[in-house]
């Protein structure tokens, strides 16, 4: 096997193991730790740390340690969060969630940089087009990585499936599920729905072991890589100049309009992870169903991401944005009206599947859009992307503990509407300056990968 391809597989398998653990833990935070809103506060704190780290840490760590050891160090932050869950309290989960948030941005930046450099280096040696090889490498990475959501949630459902069969959920509790839920964020969950501490420790042990294996895999088998200096260019920009260029790009009117798109991406992902899993699935079905419902989301998201990448070549991005907006709009309205009940089991999966199909639009097309519109300032543009998406997570998880689900859905509806109007305004601006429809570009061609943590 080609050594460059072997390194790509090592990175992909390392991320698969790491996010098998983290994805499952994130889905369960709001359900396991509902007392005093600990779970959603942890997630809000985590993404607040992501917001801060995305501005400074990635270039500093990558220059100091290189891509390989930046990935290893950042993975250690994720494992620390898993360990913090063994003794879940405000004094263990908040510090470890901050640590994870600080490691998340360098992890993804190092992964993106490593695959790009590896692809370009291999292309130069083999006499191939660099863009084609980089696209191929990112395709392999996401083919493997996207399945992490399936495995992590499957493990949690299988472990929690060993709980004793609980009786029927009282009708009184069902009346407070869904959009009517105003208490579940801070009130302790039904005692019959919470797994035993032994099962929780079993799950955390599996997740922690998976994270440790990821670190060992990358540390032992990934080759170090550094970008060859470009003799045709001047000195490498300093961290300060890179930071300044990020803020200067905010002068661009298009960026100011588009910032609502990544913000909405943060809002809708936070709603699914923090509210749909708790106020709909856990409330009406039990915590052991959270994993199965999230598997449906992850599988649909992965399949649609691949599908949209091919469709965009023929349709362009505008119809895909319209599809994503219409799907989420329909889901939000339906969730406002629907009263979840255990007898309607398939409906829980339909909603998570549709949510994943629409989320795939934001995760693929937003990256393409930023890469195409700000081609000369990609690093600054994607720094803004990560910043505004993280801000969406922080705000959504922040108000999760004191707003009713119905109000949160209305907020989602308002942000989605504003984001779409802003997007249309940018497309109109572009159509006046560039003749013809926008060219279809794949996410890897845009120079960035998906930004999910």
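Backbone N, Cα and C define each Cβ position, glycine as well.
Features reported for this protein in TrEMBL:
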TRANSMEM  39-57  transmembrane segment
TRANSMEM  69-88  transmembrane segment
TRANSMEM  94-117  transmembrane segment
TRANSMEM  137-160  transmembrane segment
TRANSMEM  199-222  transmembrane segment
TRANSMEM  285-308  transmembrane segment
TRANSMEM  320-338  transmembrane segment
TRANSMEM  344-362  transmembrane segment
TRANSMEM  383-403  transmembrane segment
TRANSMEM  409-426  transmembrane segment
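Sequence-distant contacts of the transmembrane segment (199-222), counting only residues of its own chain at least 6 positions beyond either end whose CB sits under 8 Å from a CB of the stretch, comprise 7, 10-11, 13-18, 20-22, 24-25, 32, 68, 71-72, 75-76, 78-79, 82-83, 85-86, 152, 155-156, 159-160, 162-163. Counting same-chain residues at least six beyond the ends of the transmembrane segment (39-57), those with a Cβ under 8 angstroms from any Cβ of the stretch are 26, 29-33, 81, 93-94, 97-106, 185, 239, 243, 246, 266, 270, 273-274, 278, 383, 386-387, 390-391, 393-394, 396-398, 400-401, 453.
Remote same-chain residues near the transmembrane segment (69-88) are listed as 11, 14, 18, 21-22, 25, 32-33, 38, 46, 58, 61-62, 95-97, 99-100, 102-104, 106-107, 109-111, 114, 201, 204, 207-208, 211-212, 214-215, 218-219, 222, 224 (criterion: CB distance under 8 Å, separation of at least six residues from the stretch ends). Between the transmembrane segment (344-362) and the stretches 320-338, 383-403, 409-426, it is 320-338 that has the most C-beta pairs under 8 angstroms.
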